[in-house]
Amino acid sequence: MIPYATIEEASIALSRNLTWLETLWFDYSATKSDYYLYCHNILFLFLIFSLVPLPLVFIESSQSTSDLFNRYKIQPKVKNSFSSMFKCYKDVMKMFILVVGPLQLVSYPSIQMIEIRSGLPLPSCMEIVAQLVVYFLVEDYTNYWVHRFFHCKWGYEKFHHIHHEYTAPIGYAAPYAHWAEVLLLGIPTFLGPAIAPGHMITFWLWIALRQIEAIETHSGYDFPWSLTKYIPFYGGAEYHDYHHYVGGQSQSNFASVFTYCDYIYGTDKGYRFQKKLLQQMKEKSKKSNKLVNGGEKFD
C-alpha cells in the first residue's frame with residue numbers, strides 16, 4: 001500500500017510532481033493492500049489463458065480460415081477439433097482453480113520476502129525492460145534443466161507424459177500438465193523476480209508475458225509476424241513443435257524461450273538435422289520443377 005494519503009504528500013516525498021502514470025497508479029492502488037494487488041495475477045492468468053488462444057481456435061474450427069492459414073500450420077495434416085480444444089481448456093482451468101489459484105492466494109509471503117514493491121516512484125521503462133530480460137533468461141536456463149529432468153524415464157512416466165498427449169500442440173495445451181509439474185515449473189518463473197526484485201507492475205508484466213509466450217510457443221503455427229523472426233535466439237512455435245512432434249522419446253529442444261541452451265548442451269542436433277534435411281528436399285523439389293517447366297517451355 002502506498003504510504004501517502006494524498007498526491008501532494010507523494011509529490012513532497014519524491015521532491016517532484018508525479019508523472020501521469022504515477023498519478024494513475026496512485027489513484028488505483030493507494031487504498032488497496034499489497035496482497036490485493038498481488039492477487040491480480042490470478043485474474044490476469046485466467047483472462048490471458050482464456051482469450052489469447054481464441055483466434056487460433058477460430059482458425060482451426062472454421063473451414064474457410066483453416067484453409068487460408070494452413071500454409072502457416074507447422075503440422076498441416078493434423079486438425080484439432082473444437083471439442084478436443086475445449087476439453088483441453090476445461091482441464092487446464094480445473095487445474096488453475098484447484099491448484100494454481102489457491103497457491104497464488106497463499107504464496108504472498110514469498111513476495112514479501114523478496115521485497116516486490118508496490119509504491120512510488122514507478123520504475124522507468126529501461127528498468128522494466130532490463131528486469132524482464134533477466135527474468136526471461138533466468139527462467140529459460142532453469143526451465144531447461146527441469147524440462148530435461150522430466151524427460152528422464154521416471155519423470156516422463158510419472159508426470160510429463162500428460163503434457164505430451166498433444167503431439168501437435170495448441171495454445172490451450174501450454175499449461176496442460178500434471179499438477180506437480182506445474183508447481184515445479186513455477187520455480188523457474190519465480191526465480192528471476194527473486195534474484196532481481198522489482199515493482200509489482202513489472203511482476204504483473206512478467207507473469208502475463210511468460211503466459212503469452214508459452215501460448216505462442218504451443219500455438220502450432222509459424223506466422224510471418226512470429227517473434228522468432230525478430231528476436232535473436234528466440235525459439236517460438238516452430239522450434240518447440242518439433243519437441244512435441246518427436247514425442248516422449250524426444251531428447252531435443254528442451255528450452256522454453258530461447259535456443260542457446262539446446263545449442264550449448266547439444267540437445268538440438270535432431271532438430272537441426274531435420275531442418276537441414278527438409279531444406280535439401282525443398283531445394284531438390286525446386287530444381288525438379290525448374291527442369292519440368294524448362295522442358296515444357298522448350299517444347
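Using the three backbone atoms N, Cα and C, a Cβ is placed for every residue, glycine included.
Annotated transmembrane segment per Swiss-Prot: 39-59 (among others), in sequence order, evidence recorded as sequence analysis.
Residues 34-35, 38-39, 41-42, 45-46, 49, 175, 179, 182-183, 186, 190, 193-194, 197-200, 203 of the same chain lie 6+ residues outside the transmembrane segment (96-116) yet bring a C-beta within less than 8 angstroms of a C-beta in it. Sequence annotations record features per position, and here Swiss-Prot assigns transmembrane segment to 96-116 (among others) based on sequence analysis.
Sequence-distant contacts of the transmembrane segment (118-138) (same chain, six or more residues past either end, CB-CB distance under 8 Å): 1-4, 10, 13-14, 18-19, 21-22, 25-26, 29, 34, 37, 188, 191-193, 195-196, 198-202, 205-206, 209-210, 257-258. Under the heading transmembrane segment, Swiss-Prot lists 118-138 (among others), citing sequence analysis as support.
Positions annotated as motif 'Histidine box-1' by Swiss-Prot, on the basis of similarity to another entry: 147-151. Same-chain residues lying 6+ beyond the ends of the motif 'Histidine box-1' (147-151) with a Cβ under 8 Å from its Cβ atoms: 159-160, 181, 185, 250-251, 254-256, 267.
Annotation comment: Swiss-Prot describes 160-164 as motif 'Histidine box-2', evidence class similarity to another entry. In the motif 'Histidine box-2' (160-164), helix, strand and coil residues by DSSP number 3 helix, 0 strand, 2 coil.
Look at Swiss-Prot and you will find 189-209 (among others) tagged as transmembrane segment, backed by sequence analysis.
Among the features that Swiss-Prot reports, motif 'Histidine box-3' is placed at 239-245. Listed by sequence, the residues of this chain that lie at least six past the ends of the motif 'Histidine box-3' (239-245) yet keep a Cβ under 8 A from its Cβ atoms are 74-75, 164, 166-169, 217-218, 220, 222, 228, 252-255, 259, 270-271, 274.
The list of residues near the transmembrane segment (39-59) in space but at least 6 beyond its ends in sequence, with Cβ under 8 angstroms from a Cβ of it, reads 65-66, 69, 82, 85, 89, 92-93, 96, 100-101, 104-105, 108, 170-172, 174-175, 203-204, 207-208, 211-212, 215, 219-221.
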